[in-house]
Amino acid sequence: MTPAVSPTVSPGMAQHWLATGRASPRLVLVVVFVALLLDNILLTVVVPIVPTFLYSTEYEGANSSVGPAQPEPSPAAPRAPPFSSVLSYFDNTTVTVWGFSSAVELPNGTGSSPPGQPPSTSPAPARGCLEGGEFLAQENIRVGLLFASKALVQLLVNPWVGLLTNRIGYHIPMFLGFTIMFLSTVMFAFSGTYTLLFIARALQGVGSSFSSVAGLGLLASVYPDDSERGSAMGIALGGLALGVLIGAPFGSIMYEFVGKASPFLVLAFLALLDGALQLCILQPSRISPESTKATPMSTLLRDPYILVAAGALCFSNMGVAMLEPTLPIWMLQTMCSPQWQLGMAFLPASISYLIGTNLFGILANRMGRWLCSMIGMAMVGISLLCVPLATNIYGLIGPNAGLGFAIGMVDSSMMPIMGYLVDLRHTSVYGTVYAIADVAFCMGFAIGPSTGGAIVRALGFPWLMVIVGVLNVAYAPLCWLLRSPPAAEEKMAILSQECPMQPKSYTPKEALREFPLTEESDGEAENVE
């Protein structure tokens, strides 16, 4: 009998598989999906961790170090936990009473206070609630600034990343984004102070800028057809939604039962796998600049239709951005929620966002993206108005689910519209316009947390929800302007027989040489010339 020969994979077969993979837009979609997934897991995994971590390290640590020393009990009496202290007039020693935190009436009618001073009438905190109301109010602002630092840095870096992608292509910036995000994740794992956490969050903003701008621009270039692009954007935003879905519950459970560093070390390992995937698919050492000169950013920023779309992205995401730092602290103060519930409160919003982005990535093109975004913004406002009505975590399910679904409607409509507007009115180069889209997204996540904490301290959490909810409802009618945007004069001939928002590919032939990335494709392009 001849022994069975095990199949072997030759280097030539492996190279052929990689070349075929690099030519596939679907694998590019997978790379962008994974990059957005990991970036947004890291974005939200800190939401339930930071407030309780700072409380335990700063407030409780300070109280334990400066608290007054308790008098030593007599040798005959066993040492008991100091739940409350009652001054006895019989032997003038401190007696510990179990289970009480307020003044206790003694059998002889005397109280816990010395003669001439009335007993304390301050109510005891509810069971399970955190003490230190002033510290928690101040923490609203500090946590909000920490969360906003990522978006603020991303806001500043995005325009430069957009210009960089026009010069060297999308692949090197994508890999730079992975590298910076990995460093940020490791820094989060081992940071023990507010300052180090702030630096790690800001560093994440730099990496996120490279990943999101380059990733969305890359998708727009490999999916030139407007209908296919909308579906691909919906799938990619599904990665963003899945990251938001996993992040907060994953962070709260791991922090509660394993430790602070554990969720970040898991993310660091997954980031290494993402880097290996990018090395195989994107060849980040290769420079591939755009063959068509991009429209200047100043011109795009003067386009009113691009500004309307960017405003919809900004204000709709500002609602959830304000919830991230303020909702956990509000739950700690009013619901006395355990730590694991702080992340689980965002679970309905994340699940519904995942459903909304995938559903309306296809459906929005049929019903009209302008209409989809207008309905979504109105739903965002109504959902935010309902959040303060909740009295426990179950009351948050409905408003948060509606909020996530509505933001999914807006994001899955506005991202393809940004690419469509560039095709329709400008040059079909997408790095700059998606830098603007990401700037709008980041403005929501920068303004929201940084101002939300201050508004909560001045007016209260319910008024914060009223303000941002009314703002979204008032902005929603502006989406009607995107119903039929006019084309640029040089493209009027192309659209003379077409409906305004009919799927159409306007990408010039030269711009399609971004993909495939195989060696054979370069030779074919030279022969055509």
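Counting starts with 1 at the first residue shown.
Including glycine, each Cβ sits where the backbone N, Cα and C put it.
Those TrEMBL annotations? Automatic predictions, nothing curated.
These numbers come from a predicted model, not from an experiment.
Per TrEMBL, the feature compositional bias 'Acidic residues' maps to 517-529. Per TrEMBL, domain 'Major facilitator superfamily (MFS) profile' is recorded for 28-487. Among the features that TrEMBL reports, region 'Disordered' is placed at 502-529. For 27-50, 175-200, 206-223, 235-255, 261-282, 303-323, 343-363, 375-397, 403-422, 429-448, 460-482, the entry in TrEMBL reads transmembrane segment.
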Response to the item:
Within the same chain, the residues 6 or more beyond the ends of the transmembrane segment (235-255) and with Cβ under 8 Å of it are 29, 32-49, 52-53, 215-216, 219, 262-263, 266, 339-347, 349-351, 353-354, 356-358, 361, 404, 408, 411-412, 415
Worksheet item: What stretch of 27-50, 175-200, 261-282, 303-323, 429-448 shows the most Cβ pairs under 8 Å to the transmembrane segment (460-482)?
Response: 303-323
Item to complete: Determine which residues of the chain contact the transmembrane segment (27-50) at the Cβ level, with the cut-off under 8 Å and only residues 6 or more beyond its ends counted.
Response: 21, 143, 146-147, 150, 174, 177-178, 181, 184-185, 188, 197, 201, 204, 207-208, 211-212, 215-216, 218-219, 222, 232, 235-244, 246-248, 250-252, 255, 260, 263-264, 267, 270-271, 274, 277-278, 281-282, 324-325, 328, 339-340, 342-343, 346, 350, 515
Worksheet item: Does the transmembrane segment (403-422) reach the transmembrane segment (303-323) with at least 3 CB pairs under 8 A, where each pair is 6 or more residues apart?
Response: yes
Worksheet item: Relative to the transmembrane segment (175-200), which of 206-223, 261-282, 303-323, 343-363, 429-448 accounts for the most Cβ pairs at distances under 8 Å?
Response: 261-282
Discussion item. With a cut-off of 8 Å between Cβ atoms, can you find at least three pairs linking the transmembrane segment (429-448) to the transmembrane segment (206-223)? Only pairs 6 or more residues apart in sequence count.
Written reply: yes
Item to complete: Average the pLDDT scores across the domain 'Major facilitator superfamily (MFS) profile' (28-487) and report the rounded value.
Response: 78
